[in-house]
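For reference, the structure discussed in these notes is given below.
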Amino acid sequence: MSQQGYVAAPPYSQAQPGMGAYQGGFGSGPTQPLYGHYGGPPQALSAPSAGMMKSSVSPAASVPLPPGPSQYNPNVQQNGSHPQSYPAPPAVSAPYGQPPHSLYNSMASPGPPPTQQLTNQMSSMNLGSHAQGLQSPPPPASSVVQQPFQTPPPSTMAPPQMPPGLQSPHMSPLMSPPQSPPASTAMASQSMAGTSMASMGRPFPGPPPPGLGGFQQPGLGSAGQPGYPPQAGQFGGYMAGAHQNMPGPFTGPPQKKLDPDSIPSITQVIEDDQVKQGGQVFTTNIRGQVPPLVTTDFTVTDQGNASPRFIRCTTYSLPCTADLAKQCQVPLAAIIKPFASLPKNETPLYVVNHGDTGPVRCNRCKAYMCPYMQFIDGGRRYQCGFCNCVNEVPVFYFQHLDHMGRRVDFYERPELSLGSYEFVATLDYCKNNRPPNPPAYIFMIDVSYNNIKSGLVKLICDELKTLLEKLPREEGMETSAIKVGFVTYNKVLHFYNVKSALAQPQMMVVSDTAEMFVPLLDGFLVNYQDSRAVIYNLLDQIPDMFADTAESETVFAPVIQAGVEAFKAAECSGKLFIFHSSMPTAEAPGKLKNRDDKKLVNTDKEKTLFQPQKGVYEQLSKDCVASGCCVDLFLFPSQYTDIATMADVPSHTGGSVYKYSNFQVETDGEHFLRDLRKDVQKSIGFDAIMRVRTSTGFRATDFFGGIYMNNTTDVEMAAVDCDKGMTVEFKHDDTLSEETGALMQCALLYTTISGQRRLRIHNLSLNCSSQLSELYKSCETDSLINFFAKSAYRAILNQPLKNVREILVNQTAHMLACYRKNCASPSAASQLILPDAMKVFPVYMNSLMKTAPLVGSTELSTDDRAHQRLSVMAMGVEDTQLLLYPRLIPLHNIDVNSEKPATPVRCSEERLTDSGIFLLENGQSMFLWLGQASSPDLIQSLFNLPSLAHLQGHMCALPELDNPLSTKIRSIISGLLEKRSNSMKLQIVRQKDKPEMLFRQFLVEDKGLHGGASYMDFLCYVHREIRQLLT
């Protein structure tokens, strides 16, 4: 199978009509396409330009075509012998995201009635049996029999044919091709090989081109050809060239939709990877090796490269030159989760202590000792793998080399043999050259009227009594070293002295919120074990003290300021847990006013809704980071609270924001407490600073995450926990060598929960290649979509949403067109060929474009959109994968005795059944969907009710019933709640009930509720863009 590039006759680099003004349903475009660094100067698409936002693909092969007219030849039309080329779509069409209009009306031929338009467009794409191919009418040929499929070479044999009635999705395993080329995506396993229809979906009206039969499927000749039974048409009627000479658009028997099983499926890809690599050991001793998917269950053995739990890359084979990178547009990035939690069966990181001398580092580039350092000269010197500088080995570190040139103590030293490890840092790495104090947690409770009335304050106080017993502690320690403090506030702040010697806690009030100070030093931050009795006493008193409050105004910035001052005074770092109800409107620094304006949606000013208000909060973020003060915000709003501004400090200090709208203790209490418990107990490092070093030829240029950057290289975080991921983009500054590959080292300096200063090191080595096919083969779709989500969510702060969506689609088309042009075997232009490693990339991309921040809809709450934007910025790969493609699990036919996890189905309404029960979860929300015809037995087993009609609204948990089905389903739900980084509130919805609308917006393969294409439509759209790029 040819992986070498071949040249499309009209060069790919010509300026393309319709790329910039991209009107086919995604909104008419800007005058110039805005590529690349979102926010950089716009560039026209003359040559694929440097800044273009890059995107990703990987190896596949297409059905080979005979030489002749089908090779791209400027004078031969792909769609029959018509001289004119594809007309541009009409100048105005429905902007992306207006559901009432047919989204793709500009694509279909003007003739057919609207109901046929999608079908026509879709039918002009044909899924080739090996290429990930959606393919349009075959190239002009004098008769049907001369189709390219008549003598396929053995490597691309057509799938075994079945009589019309048998072609069902369930037969897929039988239909895989005998020898599909290893890198290609065999479509046959998706059951239906696809359809292509000459007389439909042509962009020009008029009779079909002469000589083209009807449907041509790989291996399905026209009816009557020997060996091929007549194939039942996907659109009703038989597929042979029945409609050949009909004038005008296709009319005929009623049409059915194209079979969705024939397009790439995420659930299938996840399942295949689990079958192939699940339960296996992934050993990290090979450079540039692509790990199993994040969804796969596997074990890692560290043998010289960091585990994929700590670092994942968008591709594991970097292009050797900047020109290649520019050409393919695939972003080169790594997603780093420096504190990722490891499963019980994996070894925790070793801690290396070199005493007062500290870690051994390269003199020139300051990289830390790692497996990529080459010892020479009998072990007396070493050459740095990052900058090639030759360094003397310190006397204490000297060791002889064996016959292979490796140090004799290679296996005894983690820093020589492992990809991830920690060094104990010396005083040089500490503030003011003094060892740090253990960190502190301060709980700051808003005791205004709303929080008291809802019962929230009492709920928090009761929970803290038990939760404080579970503060994180070092391995092997009896108790936690973390100190705790308590503040309550409305428009004034109350500090509490809980010194262990006191019989009763003492309260001190600070009413001057403009000049915030902490009124007591001794007794504010205490060891929980020592002061337990006083703290219990305080937690009992707080709800009663404020029971009769009428104060509804609150302050917010002074609360954070108080935390910063407390940490400064105690000379420690730490975290504030703030429980807050409403927009801070009391007279004080950081007072906010309502600026929610739905009139701005879909205008150039919409970006202001996502921008924080400048001033006080900006300075606060800086102060927090400087004193290692991380802020976690628990919000309980009943109306707009300007999350874009209130969450600004948490999102720059490595904190989290949790939001519980219209909070009620009965229905939301447990959900909130699960979040609080996870948040207080998670493993975490404080006062952190991270730097990513790379070998020569490329460097880290851009960073996304819950971070603060004072300069271009140091990533500062007041705290970093096990769920936070930073995304780092790399750019070339020279040529990379295939021989030496590319190296990166992420070094994180932080304070542990016991107050020790440490360096955590993660190393990773990647391949380099001058062949684009290698890059596409080593891509990782889940990491790519994490990068695109974060770069798009950052871009909406300073560009109109329409431009950002356009850039996303353009880049998707570019990445796939580049693969098609340079890596795939030659085939008809009408085929959509996707690289194997990226075949489901369009599903994720389309889902991303339908997320709340990127959909301009006045029905969505501004706060929800801002909240989702900020949450995603700090996510790792697992979290974005799940968010953009929720798990939809059928429960009605589950085997209660099997240990095997239930297999999810595709996220589409078509997969639901009236008699079914489905669980849907995406890491943020969880739904139990009950079909209207669910069997009474199921309902009885789950709810102890005779039928669905008896079910009351607002249930947020399944009753504990003693039967196998109830036990099984509850254990599935609690397993998911345990596994995800956020708690989820279970919402039980009945089919056809009003709340079902909420559930439907998570069916990401369907049309979006607030605008946005279905997966099928989006694929058509991208296919059209690719063809435009290639012609």
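From the backbone N, Cα and C atoms, a Cβ is placed for every residue, glycine too.
Lifted from TrEMBL, the feature list:
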REGION    1-262  region 'Disordered'
COMPBIAS  71-82  compositional bias 'Polar residues'
COMPBIAS  116-134  compositional bias 'Polar residues'
COMPBIAS  150-163  compositional bias 'Pro residues'
COMPBIAS  186-198  compositional bias 'Polar residues'
COMPBIAS  212-224  compositional bias 'Gly residues'
DOMAIN    359-397  domain 'Zinc finger Sec23/Sec24-type'
DOMAIN    436-680  domain 'Sec23/Sec24 trunk'
DOMAIN    685-769  domain 'Sec23/Sec24 beta-sandwich'
DOMAIN    781-880  domain 'Sec23/Sec24 helical'
DOMAIN    901-972  domain 'Gelsolin-like'
Query: In the domain 'Gelsolin-like' (901-972), how many residues does DSSP put in helix, strand and coil?
result: 23 helix, 11 strand, 38 coil
Query: Would you call the domain 'Sec23/Sec24 helical' (781-880) and the domain 'Zinc finger Sec23/Sec24-type' (359-397) in contact, using three or more Cβ pairs under 8 Å, pairs 6 or more apart in sequence?
result: no
Query: How do the residues of the domain 'Sec23/Sec24 beta-sandwich' (685-769) split into helix, strand and coil according to DSSP?
result: 0 helix, 56 strand, 29 coil
- line: Per DSSP, the domain 'Sec23/Sec24 helical' (781-880) contains 68 helix, 3 strand, 29 coil
